[in-house]
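Peer 1: As listed in TrEMBL for this protein:
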TRANSMEM  21-42  transmembrane segment
TRANSMEM  48-67  transmembrane segment
TRANSMEM  79-97  transmembrane segment
TRANSMEM  103-123  transmembrane segment
TRANSMEM  135-155  transmembrane segment
TRANSMEM  175-196  transmembrane segment
TRANSMEM  208-224  transmembrane segment
DOMAIN    212-357  domain 'O-antigen ligase-related'
TRANSMEM  230-246  transmembrane segment
TRANSMEM  258-278  transmembrane segment
TRANSMEM  344-365  transmembrane segment
TRANSMEM  377-393  transmembrane segment
REGION    422-443  region 'Disordered'
Amino acid sequence: MTVPGGPRGRIPHGLDEAVSSAPFAQAFTICAIATTFSIPLIRNLLDWPGVVGALGTLVLLAGVVLIGRRHYIEWRGWWPLSIFAFMAWCALSLFWSDYSTDGFVGIAYQVVVAILAMTIALTRDMIQIVRAVGGVLRALLAVSIVLEMLSGIFFDVPIPFLSIEGNIALGGPIQGIFVTRNMLGLMAVIALITFVIEWRTHSVDRPIAYGSVALAVLCLLLSQSPINQLLILVVLVATLALYWLRKSSPERRTLIQAFLLTVSFIGFVAVYLARNLIIRWLDAASEFGVRYHLWRSTWDLVKDNFLEGWGWIGAWRNDDFPYILINIQVDRVHASALNAYLDVYLQVGLVGIFLFLVLCLFAFLRSWNLASNRRSLIYTWPALVLVTLLAGSAAESHILTGAGWFLLVICAAKASQSQSWRQTLDRRPAGPSTPLNHPDRID
C-alpha cells in the first residue's frame with residue numbers, strides 16, 4: 001500500500017512541496033513576528049488563553065517549517081550555546097523556587113518564544129527577516145496611531161480595555177496597542193532602525209520608506225518617553241561608529257575598535273557622573289524616582305539569595321513572594337524590576353546574571369564584528385537592534401520576555417551564523433542554504 005506521493009509513512013509529495021516552500025516559511029515568519037509583537041494587544045483582547053492559543057499554534061507550525069525545510073538547514077555550528085545555557089539555568093531554578101507553578105509558566109513562555117525566533121533564524125535570510133519585521137512594525141504602528149486618533153480626537157474618550165488613554169490631542173503621551181509608552185517608544189526605535197535600513201538597501205519603494213520613517217518618528221515623539229529619547233541618542237552614536245568602521249580600511253579597524261571601546265567606557269562613566277543633570281534635562285525626575293525606589297527594594301532582596309536567585313518567573317506575579325513584598329514597599333504594582341540586569345540577578349542569581357551577560361556579550365560582539373566587516377548594509381541591523389535592547393535594559397526589562405526576548409534570540413542566532421567558534425570545526429557554510437536554482441527561492 002502507498003499513499004499519494006510516496007511509500008507508507010512518507011509525507012505526500014504535494015504537501016512536502018508546500019511546507020518546504022519559501023512562501024510558507026515567509027508566511028510563518030510574518031505570523032510569528034506579528035503575534036510576538038502583538039502580545040500586549042492579544043492579552044487585552046483575549047486574555048492569556050488567547051496568547052497561549054496563538055503561541056501554541058505557532059510552535060506547531062514551527063515544527064512543520066523545520067521539517068519541511070530540513071534539507072536546506074545547516075544545523076552544526078549555528079545554535080548559540082549561550083542561549084541554551086541561560087535557559088537551562090532558568091529551568092533549573094524551578095527546583096529551589098517557592099513558586100514553581102508560575103515559574104514553569106514563565107519558563108514555558110521563554111522557551112516557546114525562543115523556538116519561534118530560532119525557527120526564523122534558521123530558515124530565513126537576514127534581508128527576509130528585516131523586511132518581515134519592517135512590514136509588521138509598519139502595520140502595528142499605523143494601527144496604534146489610528147486607535148489613538150479615534151480615542152483622543154474623534155470620540156474623545158479613553159479605550160480602557162486597550163489601555164489607551166487618548167492623549168494624542170494633547171501631544172501625548174500615547175501608548176498605542178503596546179500598553180505602555182515606553183514599550184511603544186522601544187518599538188518605534190526598532191522600527192526606525194529597520195525602516196532606515198530598508199530605505200538604504202532599496203528593499204521598499206522610496207515613498208513607503210519615507211512614510212515609514214515619518215511614522216516611527218511620530219510614534220517616538222508622541223510616546224514622550226524620556227528613556228527612549230536617550231536611547232535614540234545611543235543608537236545614533238552607534239550608527240556613526242559603525243559608519244566610520246565600515247568606511248575604514250581593514251588594517252585600521254582594530255585600532256578604531258580599541259578607540260571606540262575606550263570612548264564608550266569614558267562615556268559610560270560620564271553619563272553616570274552626570275546622571276542628575278541628564279535627568280533634569282529630560283524632565284524625568286519623577287520617573288527616575290520611581291525606578292530608584294524600586295531598584296533599592298529589589299536589591300535588598302537580591303542579597304538574600306545572591307548566588308542562585310529566587311527562581312525564574314519572567315514577568316512578575318503580584319501574588320508571589322518576593323515580588324508582592326517589593327510592590328508593597330514601593331506602593332505600586334510592577335511586573336518587572338524596570339532593569340533587566342537587576343531582574344535577572346533577582347530571579348536567577350549570580351550564576352544567572354553571568355550567563356545572561358555572556359549571552360549578551362557574545363551576541364553583541366559577533367553582530368558588531370559582522371556589521372563592521374560585511375559589505376551589505378543589512379548586516380548592521382542585528383548590531384543596532386542589540387544596542388537598542390541592551391542599552392534600554394538599564395531602565396526596562398523588555399528584553400527578558402515577549403518581543404524583546406524574541407529579537408535578542410534572533411539577533412544572537414543570526415550573528416553566530418558565521419562568527420561561532422564551532423565554525424572552525426566544520427568549514428561548511430552555516431544557515432539556510434537554498435540552492436540558487438531551487439524553485440522556492442524568493443527575495
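Glycine residues also receive a Cβ, built from the backbone N, Cα and C atoms like all the rest.
Bear in mind that TrEMBL entries carry predicted annotations, made automatically and left uncurated.
I'd like to know what surrounds each of these features in this structure.
Peer 2: Note on the transmembrane segment (21-42): residues 50-51, 54-55, 58, 61-62, 65, 68-69, 113, 116, 119-120, 123-124, 128-129, 132-133, 135-137, 139-140, 162-163, 177-179, 183, 187, 402-403, 406, 434, 440-442 of its chain, located 6 or more positions outside it, place their CB under 8 angstroms from a CB of the stretch.
Remote same-chain residues near the transmembrane segment (79-97) are listed as 103-104, 106-107, 110-111, 114, 118, 308-313, 347-349, 351-352, 355-356, 358-359, 362-363, 409, 412-413, 416, 420 (criterion: CB distance under 8 Å, separation of at least six residues from the stretch ends).
Tertiary proximity for the transmembrane segment (103-123) is limited to same-chain residues at least six positions away from its ends with a CB under 8 Å from its CB atoms, namely 25, 28-29, 32-33, 36, 55-56, 58-59, 62, 65-66, 69, 72-73, 78-79, 83, 87, 90-91, 93-94, 97, 129, 132, 311-315, 401-402, 405-407, 409-410, 413-414, 431-432.
Counting residues 6+ beyond its ends, the transmembrane segment (135-155) has Cβ neighbours under 8 Å at 30, 33-34, 37-38, 162, 164-170, 174-178, 184, 187-188, 190-191, 194-195, 212, 215-216, 218-219, 222 in the same chain.
Counting residues 6+ beyond its ends, the transmembrane segment (258-278) has Cβ neighbours under 8 Å at 230, 237, 241, 245 in the same chain.
Note on the transmembrane segment (344-365): residues 80, 82-83, 85-86, 89-90, 93, 298, 301-302, 305-313, 322, 337, 382-383, 386-387, 390, 400, 408, 411-412, 415-416 of its chain, located 6 or more positions outside it, place their CB under 8 angstroms from a CB of the stretch.
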Peer 1: What parts of the chain pack near the transmembrane segment (377-393), using Cβ distances under 8 Å and only residues at least 6 beyond its ends?
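Peer 2: For the transmembrane segment (377-393), the far contacts come to 126-127, 129-130, 186, 189-190, 193-194, 197, 200-201, 227-228, 231, 234-235, 238-239, 242, 246, 339-341, 360, 363-364, 367-368, 370-371, 399, 404, 407-408, 410-411, 414-415.
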Peer 1: Verify whether three or more Cβ pairs under 8 angstroms connect the transmembrane segment (175-196) with the transmembrane segment (230-246), leaving out any pair fewer than 6 apart in sequence.
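Peer 2: Stretch pair touches.
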Peer 1: Given a Cβ distance threshold of under 8 angstroms, which distant residues of the chain, six or more beyond its ends, lie next to the transmembrane segment (48-67)?
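Peer 2: Sequence-remote neighbours of the transmembrane segment (48-67) are 11, 19, 24-25, 28, 31-32, 35, 39, 42, 73, 109, 112-113, 115-116, 119, 122-123.
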